[in-house]
């Protein structure tokens, strides 16, 4: 925990030195108080006094996850300020303020339920909170303050509902990151739906917002419904499919139509088949998807023939990382907009299939349970299987969060040109190579972890090679001699991978994106 915290502090201070404004000072104050509150959360988890049931075999992760959204907002603000895009500069300020307020709320919650009340931690939290609120008071407009408070309100209600319905699926830090992100997306969708201006906004951004909110609301609806019904019967299954069609065609499609001002299905088909390059990419991705399914069926066939083999090995699970890298790299080089939309569609399909598995919806629910049980690891301790969804999110978030409007030629200068590749580098290359080499050849373990020195070093080396290959094959990438910063960023994130107990597929790409954008 101490080494993980040290690495996060180094990242926060690195961003602070580059940005050096009132918001970067706020992130430093937030990091200091989160460090102390993290130990209170860890103690609550050990004693079972944390109100909800959180994922075991991991610490609370409050410090590393608390800093992600504020740092993303700060570096986005700086990039858009440099580009002269005032609207998105203000948007970055709102993102940073929202992240800080959500982290403060989680800290106050931990301090409030800790007995006896930790005096020193209370004082630190009060000082950090005062600094952040004072900064927000002098930086945000009234409408922006209302927007931040709306996200906090959505987060509180969403947390109470989902953490109750889905025990042991998240650590407190992961809940902050995932539910905070969903709350922000929901608030953005409501805001944009109430202020639709024809021709303003990119349809692919609206598509992402509607898809994320749509699948979350669908899950909440069926979770509440199946409290009163047995979801495993044919009648319930038919009702599930019928209501999915009704909600999709009767709510989600009209909602998207209102935002993009055209038929969503026609727009999507026209978008997907607009050029020959897109057609080639879709055929190639279909082949890779079939290959991934083939791996799942083959491994399950092996399990049937070898009664002793109950779980897939680490190397077997990393096959999917290689397939995902092979999926994303051509999309990033040839057509990032298509990759953006395809990733949204894939996320919606993954979550919908998880609903079918979780609710045992006929005819595929029980089959999915059997097929996917082979690939479970210690992080899938709750009722949901989320690791494959986290892998997709980790690869996609750098693409979705890339500030296109603040990139004049479709790419950022210097190390920022590698921002869309953050998921590929951190998870697809770094995490995969570290796991494979560490589990097969690693002998020297990092103190207090199961990760090895050899795995981390090979991960750093592999990512440097990957950066060199990106430079060769992607003509849009121009690093402008920022090689030392890239090496430092890759090294810090690889060390963080060795020490964090949070979901690395989600956390590492975001930290690498923050460093590269800074």
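Using N, Cα and C of the backbone, Cβ positions are placed for all residues, glycine too.
Curation plays no part in TrEMBL annotations; they are all automatic predictions.
For 7-36, 56-75, 87-111, 117-136, 148-166, 206-229, 238-257, 277-298, 340-360, 381-401, 421-441, 485-512 (among others), the entry in TrEMBL reads transmembrane segment.
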Beyond the flanks of the transmembrane segment (277-298) by 6 or more, those residues with Cβ under 8 Å of it: 316, 319-320, 323, 326-327, 330-331, 334-335, 338, 342, 371-372, 374-375
Close approaches to the transmembrane segment (7-36) from elsewhere in its chain (Cβ under 8 angstroms; 6 or more beyond its ends): 62-64, 66-67, 70-71, 73-75, 77-78, 93, 96, 100, 103-104, 107, 120-121, 124-125, 127-129, 131-132, 135, 138-139, 488, 492, 495-496, 499, 511, 514-515, 518
Beyond the flanks of the transmembrane segment (485-512) by 6 or more, those residues with Cβ under 8 Å of it: 3-4, 7-8, 10-11, 14, 57-59, 61, 64-65, 68, 72, 171, 173-174, 177-178, 379, 386-387, 390-391, 393-395, 397-398, 414-415, 418, 422-423, 425-427, 430-431, 434, 446, 448-449, 451, 455-456, 459-460, 463-464, 467, 479
Contacting positions for the transmembrane segment (238-257) when only residues 6+ beyond its ends and CB under 8 Å are counted: 193, 206-207, 210, 214, 217-218, 221-222, 229, 231, 263-265, 352, 359, 361
For the transmembrane segment (117-136), sequence-distant contacts whose Cβ falls under 8 Å of one of its Cβ atoms, 6 or more beyond its ends: 22-23, 25-26, 29-30, 32-33, 36-37, 40, 97, 100-101, 104, 107-108, 111, 145, 148
